[in-house]
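Enquirer: Quick one: structure below, then a few questions.
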Amino acid sequence: MKKNLLKSLYFQVLLAITIGILLGHFYPELGTEMKPLGDGFVKLIKMVIAPVIFCTVVTGIAGMESMKAVGKTGAIALVYFEIVSTIALIIGLIVVNVMQPGAGMNIDPSTLDVKAVSLYAEKAAEQGIIAFLLDVIPASVIGAFASGNILQVLLFAVLFGFALHRLGEKGKPIFNIIDGFSHVIFGIINMIMRLAPLGAFGAMAFTIGKYGIGTLVQLGQLIVCFYITCILFVIFVLGTIAKATGFSIFRFINYIKEELLIVLGTSSSESALPRMLDKMEKAGCQKSVVGLVIPTGYSFNLDGTSIYLTMAAVFIAQATNTHMDIVHQITLLVVLLLSSKGAAGVTGSGFIVLAATISAVGHLPLAGLALILGIDRFMSEARALTNLIGNGVATIVVAKRCRQLDEGKLNEVLNAK
């Protein structure tokens with residue numbers, strides 16, 4: 001029993017995170033030097049994301065009997081994404097108004113370090129809706145794979161899958177090659193995942209060493225408020241959706257616990273993407289559904305990021321005594337419904353989208369972003385965890401709606417001890 005526990009990736013990552021926290025707290029300088037371990041692990045994962053998405057989507061689409069099924073899957077997924085992410089935005093808005101974590105801080109925006117957020121503001125200015133849509137189309141296929149842009153690779157994979165399906169029997173040899181290549185890629189992923197504890201240790205040691213546990217106290221109310229909101233969202237909103245679909249959210253969380261710990265250690269939901277594709281297939285979801293829903297969800301179904309965006313924006317207003325009436329808050333909500341859809345397509349993710357939103361709304365002081373900058377790293381864990389759970393639930397829901405779910409298989413893996 002003890003030997004099996006030590007071999008468990010779940011236990012190894014949990015132990016690594018604990019050691020990382022202790023090292024960062026007691027030896028901060030040494031902790032900050034561990035950063036390359038976390039960065040290296042995330043880079044290794046990103047290295048295989050593009051090929052794994054390509055193989056999964058192409059074999060999933062090309063292997064389907066009807067092309068109408070692909071269109072139906074995509075349409076159901078997008079409707080689901082829009083509804084659930086809107087609920088997440090509204091919940092974030094309600095909680096931050098009720099709890100008011102920024103009230104009483106009385107911060108003068110002119111005293112904040114504008115230089116600290118200028119880089120994010122510049123990137124945000126480039127991130128318009130038209131620019132985002134055009135960015136989905138790669139300048140070249142090789143460029144899409146080289147940059148690791150998920151949506152660009154996904155677009156090419158969908159087109160490739162459709163074209164391969166139309167070839168019929170002539171395309172069978174190509175299909176077999178890609179299917180075989182996908183097995184090789186998943187073999188590489190299994191090797192990389194052995195380094196997950198090392199990556200989680202390095203990332204956590206750096207975070208605590210650089211920012212310190214004590215720095216959280218001043219802005220801790222927002223962090224606590226955000227974490228509680230994410231937990232309630234997962235339990236009640238995603239839990240209700242899961243129950244209506246016929247499974248338990250708690251059993252599902254237990255099923256993906258290793259992936260959640262990897263995300264917790266690295267603060268990157270991308271680090272678990274390849275394993276999630278494999279796990280969702282093993283849970284009874286058809287490959288074609290998994291290949292479309294999971295990668296697309298990384299840009300269109302970011303529940304944790306949606307909660308973060310509304311809470312952070314209103315927090316800045318409260319902290320700087322900027323009055324936001326119902327009209328301003330509805331405007332903020334509408335802008336976020338559009339801007340939040342590009343959150344995973346930009347470097348810096350949620351923070352840059354937040355800067356873009358504040359610039360678009362115009363009512364909030366852009367300098368107020370400096371308040372969030374210092375604690376953004378600590379909020380990223382809850383964002384990434386909520387995003388991962390949300391995309392997993394979405395995959396099962398869409399698979400069931402499209403009649404592409406083996407419910408017997410799902411119950412078997414979720415109830416396994």
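Backbone N, Cα and C atoms are what each Cβ position is placed from, and that goes for glycine too.
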Enquirer: Choose the correct range: of 305-325, 326-346, which one does Swiss-Prot annotate as transmembrane segment? Give that range.
Expert: 326-346
Enquirer: Are there residues at least 6 beyond the ends of the transmembrane segment (44-64) whose Cβ is under 8 Å from a Cβ of it, and what are they?
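Expert: Apart from its flanks, the transmembrane segment (44-64) reaches 70, 144-145, 148, 150, 153-154, 156-158, 160-162, 164-165, 171, 175, 178-179, 181-182, 185-186, 188-189, 192, 195, 199, 268, 270-271, 273-274, 277, 286-292, 295.
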Enquirer: Among 76-96, 142-162, 184-206, 222-242, which stretch has the highest count of C-beta pairs below 8 Å with the transmembrane segment (8-28)?
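Expert: Out of the listed stretches, 184-206 contacts the transmembrane segment (8-28) most.
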Enquirer: Sort out the residues at least 6 away from either end of the transmembrane segment (222-242), same chain, that have Cβ-Cβ distances under 8 Å to it, and list them.
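Expert: Sequence-distant neighbours of the transmembrane segment (222-242): 84, 87-88, 91-92, 95-96, 99, 101-102, 216, 248-250, 252-253, 303-304, 307-308, 311-312, 315, 375, 378-379, 382-383, 385-386, 389-390, 393, 396-397.
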